[in-house]
Amino acid sequence: MKKFSILIAGGGSTFTPGIILMLLDNLEQFPIRQIKMYDNDAERQAKIGDACAILLKERAPEIEFSYSTKPEEAFTDIDFVMAHIRVGKYPMRELDEKIPLKHGVVGQETCGPGGVAYGMRSIGGVIDLINHMEKYSPNAWMLNYSNPAAIVAEATRRLKPNSKVLNICDMPIGIEVRMAEILGLNSRKDMDIMYYGLNHFGWWKSIKDKAGNDLMPALKEHVAKYGYVEKKGDSQHTDASWCDTFAKAKDVFAVDPTTLPNTYLKYYLFPDYVVEHSNKEYTRANEVMDGREKFVFGECDKIVKNKTSNNTELHIDEHASYIVDLARAIAFNTKEKMLLIVENNGAIVNFDPTAMVEIPCIVGNAGPEPLVVGAIPQFQKGLMEQQVSVEKLTVEAWIEGSYQKLWQALTMSKTVPSASVAKAILDDLIEANKGYWPILK
Ligand code: NAD
Ligand code: G6P
Ligand code: MN
């Protein structure tokens, strides 16, 4: 079997060690000859990189490993770029969350004004990665899960329509892991699903077992009582704030009991509840900096100090194996059915053909072939029209440097009560994002 060369872009990410351990766990299905890392923060990447070098030497010495901040070095001789950058890192995420909250509006990484602000920072960073890939490894594919994926995907559609970039999100996977547990199935892959929406904004319309039996009634009964809370949970979303989100899915489900919702819909359908339950001084970014970031960097420091990864508490990011499924689908033409963020192009027949939607696709060596979803109900269509307009206006604002369009984008968000609140938030965000956003006229 061919052995692949992988570049992890955003090498300094808190997810990098878990993903490397996951790749090592999957070498039989997806052989690897080389892993490289790329980041624009040399110091942050070196802390993760030096630990990963030790870990790889001990567990898979045959794999070549290096890390670099130089595009040519990093992007040369690569088959797959796995991209998870966070432009502005956690201090900017903290502002994305706290600035809207100061104005009484949802403060969230990817939803509402915080997501728009993050999008305005991410577009340039992700486009740079694509340019590097196309210059130094023109045959490579990029598997991108850098957020905010909805806005990033729309930007790649507008600016890089012919590039080999696949945009993917792990939230439906995390929820499907929980669904399988609720149903007593061994794996989420025992379910045959139909899902549609935008990224962080979607619904399951059908879930069946492999024999074709309808699993929706049993799931709905559970979700109506407990949301997606169940005994075991998924490996990615374990903190208390995530548990609240899974429980709140009960109320989100009640608004449309014909489908099962993505957890992120709570920010759009219950923004008042979310704001009331937020701490303006201590948001999710603070939780992550005090939790995951301290843990991962602390463990990496220990590995380097002890010169061994024996006894490390770093663990395999099991749920990230969807990245291997996606790479395998491209490399080995497996034709696996996966949820990807792709141009609608008629798949949802009564929705904007140019919208980037999250829908099931059959993935093979030529890329994704989206499945037909058909017509969607008025409720979902109305919500999606509004949200996709936020995303498209944000990308237009970035391309044109337009203050007016970004104000319209924020005004359009269901999380924002009025154009005047939108303007006040926008002016604060512009100040906070100096040097990251294009200059708006
Ligand atoms: P992190 O801040 O720990 O890591 C991000 C890294 O990207 C940092 O080391 C930073 O220096 C680097 N970076 C920033 N701008 C860059 C640029 N222009 N070029 C190269 N490197 C750059 O963040 P994290 O919490 O580990 O998350 C990483 C990313 O993965 C985020 O975008 C997050 O939203 C995303 N994510 C997505 C999903 C999904 O479902 N799509 C799931 C989990 C995380
Ligand atoms: C889910 C989403 C990701 C998001 C992450 C945030 O997995 O699908 O897109 O980045 O949650 O998690 P965090 O632990 O950083 O708040
Ligand atoms: Mn996501």
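Glycine residues also receive a Cβ, built from the backbone N, Cα and C atoms like all the rest.
The substrate site recorded in TrEMBL comprises Arg93, Arg284 together with one of Asn40, Asn144, Asn147, Asn333, namely Asn147. Within 10 Å of Arg93 (substrate binding site), judged by CA to CA distance, lie the following recorded positions from the set Glu109, Cys169, His200: Glu109. In this entry, Arg93, Asn147, Arg284 make up the residues listed for substrate, with the farthest two CA atoms of the set 15 Å from each other. Here Arg284 (substrate binding site) is positioned 19 angstrom away from Cys169 (Mn(2+) binding site), judged by their C-alpha atoms. With a 10 A radius on its CB, Cys169 (Mn(2+) binding site) counts 24 other CB atoms from all the protein chains.
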